[in-house]
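Quick look at what TrEMBL annotates:
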| type | residues | note |
| --- | --- | --- |
| BINDING | 380 | substrate binding site |
| DOMAIN | 66-395 | domain 'Aminotransferase class V' |
| MOD_RES | 228 | N6-(pyridoxal phosphate)lysine |
| SIGNAL | 1-23 | signal peptide |
């Protein structure tokens, strides 16, 4: 009994001392981090990110390597080859930016433009708006070519603007995910070169899901994101520069505004400058490289033309089903409909938030509302990469029909 008494006294003193030590910290361990967390299995049919196949998830779970280990360099080289295939280019300066599609957009603009230079930006959705703001922030002279949401530009309109503004860079969004438009590309590269202008293309939402051939179509700078058709996790952004683009960006009067996105440094880090040694630039997201490499391998195994064909057929199947339900497509011109992201006119009388919320709660499925100029006007459904299937179309059509039955409809 005596021993037990002294043990209790000792335990009380110990706890008091421990409490005193803990109380000397201003910030205590957060309770939320002392508990395990779980992530639901969700069908991601919004405009991105898309679901990640088990094969790509498994690739990203492989052991970590140093960012300049020989094996990592080999993986980076394989990624470069995969991007060249996906972009249909032989450009030597081809790599993946460590960051999302926004990082690639900034990389393209920061390196191709200097303060005071003229840029022409085609705006038919939010991504042209973003590009214009980024260019303005670095002091470029920003000129815009603007059309309404759901529209696109003719080559005649583009040439008139090129002739008027004489820009050094022309920016165009290939797949405008905010409005569901795939922009025609043929002939624009030739027009840009006629006016001594670089052709810069954002293909984040379109690459792999609809035809584009960088070299053949005269594109000088192009980028995409890993989380759309490629089905890799967000965080790596393939980008490529033509020799014409390299002549400009490697002969600038001033350094790019960003050290992290400076192509003089990134080209060496990715082994694109033919120098015998790669210098340290930043610690690349090695495990994300594994996933990107695997996603490009899947695209190579599938074949670009097969991927383009499947996305087109699935999108047309979806559009037919929507029509049978009485829903209208936002993009009226059939040939301008983006196969990867479909925009549906928000059903009159319904709150789009209630529709998307009902589908999320009832079906554990993501579809989205509009963004930027299409906000409040549309529902957006993404069918990208492994998610592009008729089975998924049937699921989303069922969910939409159910939502329209159960969500509140006001008089219009």
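A Cβ is built for glycine as well, from the same backbone N, Cα and C atoms used for every other residue.
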Count of other CB atoms lying within 10 Å of the CB belonging to residue 228 (N6-(pyridoxal phosphate)lysine): 29
Long-range Cβ environment of the residue listed as 'substrate binding site', under 8 Å and at least 6 residues apart: 46, 47, 177, 178, 180, 341, 342, 343, 344, 367, 368, 369, 370, 371, 374
The domain 'Aminotransferase class V' (66-395) [mean pLDDT, rounded to integer]: 97
